[in-house]
Structures are given as C-alpha cells and as structure tokens.
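> Pulled these from Swiss-Prot:
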- Thr221, Ala222, Glu223, Glu275, Ser375: L-serine binding site (BINDING)
- Arg252, Arg253, Glu254, Glu339, Val340, Ser341, Ser342: ATP binding site (BINDING)
Amino acid sequence: MLDLKFIRENTELVRKAVAARNTDAPIDEILELDSCRRTLSQELDTLRAKRKIIAKQRDEAAIEEGRVLRGRISELETGLSEVEEKLTDRLLRVPNIPDASVPVGKDESENVVLYYRGEKRNFSFTPKPHWELGEALDIIDFDRGIKLSGSRFYILKGEGARLQRALIAFMLDLHTRKHGYTEIYPPYMIKRECLVASGNLPKFADNLYHDAEEDYWWVPTAEAPLTNLHRDEILSVEQLPIHYVAYTACFRREKMSAGKDVRGIKRLHQFDKVELYKYCKPEDSFDELEKMVADAEEIADALKIPYRLKQLVTADISFGSAKSYDIEMYSPGVDEWLEVSSCSNCTDFQGRRANVRFRRTPEAKPEFVHTLNGSGLALPRVMISVIENYQLPDGSIVVPEVLRPFMGVDAIC
C-alpha cells in the first residue's frame, strides 16, 4: 500500500507509475475521499471542542444546544467512518511504484532477456511432451484427476509422486543448509486480513478459493502467510534480514480461455511450490533481490537444465512489486520456456499493509521493512522440464544426479 501523504504530495508521479503499468487505479477518488475526510475531521474537532465548553454550562439553552451538538457529532462520526472505510479500500487497490531501473513496456512481450544459462540438449529423436511420457510410464494420471476434481487436476503415481517429493526435498535442503533460510510450514487456510496484507485482496478476490462460512481463504502462494508472520510487530535492526523458505500447495482459480494450456500439468488449480521470502532494511532490498535470484538459479544449475533470466517491464511486474525477474526453464517436448520462478522486491508495499516495522536503535522511530518474495522453485513446471529434458528414445527418464539420493533410483522406466 502506498502512503496517503505520498499520493497527495506526488500525485502526478503516481499517475505516471500507474499508466506505465498499463492499468488503472482510483487516484481521483482517493484524493476526493481524503479531502472529505479532512473536512469532516476538522468539523468534528470544532464541534467536540464546543461541546466541552457548553457542558460546563447549566442553563436550558446550553443543555438544548448540547443535545443538538451530540446528534450532529454522531452523524459526522458515522459519515467519517464510512469515508475512512472507502478510502482504505481504494488505497488497497493502488499498485506499487515501479523502480526507476524497471524498463517501461506495454506487456509481457517486451520483457528483457538478460542472459541464457546452459545448452539445449541435441536430441537424436523428436522429444515427446511430458503428458505422453507420463501416461506411458504410468506416473501421471489425468483421467482419474478429472474424475476426482474436474479439469486442471491430475494425479501423480509411483515414481512420478516420488520425483516431485525428491524435488521439494532437494530444494528445501539447498535453501536451508547452504543459503541459510529458515524453513516454515504454514497453514494452507488463512484469514482475510492475511491476503489484504500480502496484496491479494481486495483486488484479486476472483482468482482465489474461499470458504465463505468460516471466511478462510486457501493460500494462492506461501508468500501470503509468510508476509503475515510478523504482522503488527516492531523488529529490532539486529533481527534483519530474515530469510524464510516454505513448501506449500497453492490454490488458484486460473480462469483461462478454452484451448490454452489445456494439456499436461502446466496450468492448474492446485500446484506445489517452494517459496523464498525476505524481510530486510530498505537500503538492502535491491541487493537482497539479486541474491534471491541467484539462490533460485542454483536449483536450475544443479538440475543441469537450460534456463534464461528475464527482467519484467512495468506492465508485467506484479501488483505489489517494484522490480521483478523471471527464471524460465526450457522444455523441449512442448518447445517452450516455462516460468519456474518470479522474484520480486516489494519495497515497503507489503510492510505497510501488514504493519511490519523495525527500529534502528531502541529510541528510533519505527520504519517499515522491505519485503521480497520468489519461487525457489515452482512445481510442476520444474517437473515438466525434468521429464522432457531427461527423456530417452525408449520413453524412460533419467533421474538428475542431484535427485538420486532422494529418489533411490537412476531412471524411471
């Protein structure tokens, strides 16, 4: 969330930032509501002061005037509460300001490829897509997934389930033992205020699964609960930076047009992901972003799968992000670069929404922390890349060397 004072004093900058994102935000309405709020607050202060003076008087005229004032004050308090509620809602719908280093672009087609790592495999045969390989090996069952839950669900069986478990264990081990992240296992159902703090609500409610009776929300990503671990807390500077990693299932409606990405396990209502999350001092956040990208890339390097790094343009960075990078793995069976990680610096956007602050000294005024998030990495697209890059002519799949200690086998046949 942007600071209201910042919007008031930098209105044109905010308008330009919103335009650069190729989106809209209720800036005019925010300014009108802010003006109304201040007018009502001033009138209330005046009437309350007058009521205190009149309360000391005992004549009938003063008593009558006091009664009238109480009624007017009650009306103004109700009106002010309604205005403040609307103002908060509109502020929650304004995206973060892109950093000056982010290229301006109208959509994802203008994202900038920064570099490629690894070489595409030179196949002596035509590589098959993962759905053909998975069904032939009986490690992915699409029909029974649909029978249980409908479209965009699937079942992993046998070595397929073990492969995913091996990937998750490998990623968690690398991030905790080598990169120094603290592992968290959060709830999959969280309160509404958690998703407001993370930036998913109110703007993206239509893409989330919700239990209306209990008002619980299924996590779209572990970023949401991790944002809230320190909600309404004041941290000491010695506690920063804080690095968390969490594995969760993720739940999204993923409303897609018919015919797009309908085959395979690329786009689903439920998928698994290892998430990286950081709290840090404002002056450190962009360095922490580069480190997070390197931590995520190390997974792709270890799996020996070709990948590329993209910097996202202003119109493609997420709602809460000030700067983002995407890591995309190459998958030869579908002949696509698949996004397996998006790493973002949200500056103080989530810190302000979640009210997470820190003090530089015990006597210092609290400041909002900066937060960062990134996939480290996202399944099942990593599964797709592993299956398709490591396939053999007979349809079997070689298990990447780093996964063999977790799998206990060298190949899936």
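Cβ coordinates come from backbone N, Cα and C, glycine included.
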> If you measure from the C-alpha of Arg252 (ATP binding site), which of the binding-site residues Thr221, Ala222, Glu223, Glu275, Ser375 fall inside 10 Å?
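Of everything listed, what lies within 10 Å of Arg252 (ATP binding site) (Cα to Cα) is Thr221.
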> If you count other C-beta atoms within 10 angstroms, which of the binding-site residues Glu223, Glu254, Glu275, Glu339 is the most crowded?
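Of the binding-site residues Glu223, Glu254, Glu275, Glu339, the highest Cβ count within 10 Å belongs to Glu223.
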> Test of understanding: give the count of other CB atoms lying within 10 angstroms of the CB of Ser342 (ATP binding site).
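Neighbour count, Cβ to Cβ under the 10 Å cut-off: 22.
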> Looking at the binding-site residues Arg252, Arg253, which sits with the largest number of other Cβ atoms within 10 Å of its Cβ?
Arg252
> Just the number: how many Å between the Cα atoms of Glu254 (ATP binding site) and Ala222 (L-serine binding site)?
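Glu254 (ATP binding site) and Ala222 (L-serine binding site) have their Cα atoms 17 Å apart.
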> So among the binding-site residues Thr221, Ser375, who's got the most Cβ atoms within 10 Å?
Ser375
> Please list, in sequence order, every residue of the chain apart from Thr221, Ala222, Glu223, Glu275, Ser375 whose Cβ lies within 8 Å of the Cβ centroid of the L-serine site.
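Near the L-serine site, beyond Thr221, Ala222, Glu223, Glu275, Ser375, sit Ala224, Leu226, Ala246, Thr248, Cys250, Lys273, Val274, Leu276, Tyr277, Asn373, Gly374.
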> Can you grab the distance from Thr221 (L-serine binding site) over to Ser342 (ATP binding site)? Cα atoms, rounded to a whole Å.
12
> Give the three-state DSSP assignment (helix, strand or coil) for Ala222 (L-serine binding site).
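Where Ala222 (L-serine binding site) sits, the three-state DSSP reduction gives coil.
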> Given a separation of at least six residues and a C-beta threshold under 8 Å, show me what packs close to Ala222 (L-serine binding site) in the same chain.
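Correct list: Ile184, Pro186, Ala246, Tyr247, Thr248, Cys250, Lys273, Glu275, Tyr277.
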> Under 8 Å Cβ-Cβ from Val340 (ATP binding site), six or more apart in the same chain: what's there?
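In sequence order, the residues whose Cβ lies under 8 Å from that of Val340 (ATP binding site) (at least 6 apart) are Ala300, Tyr307, Ile327, Glu328, Met329, Ser375, Leu377, Ala378, Arg381, Val382, Ser385.
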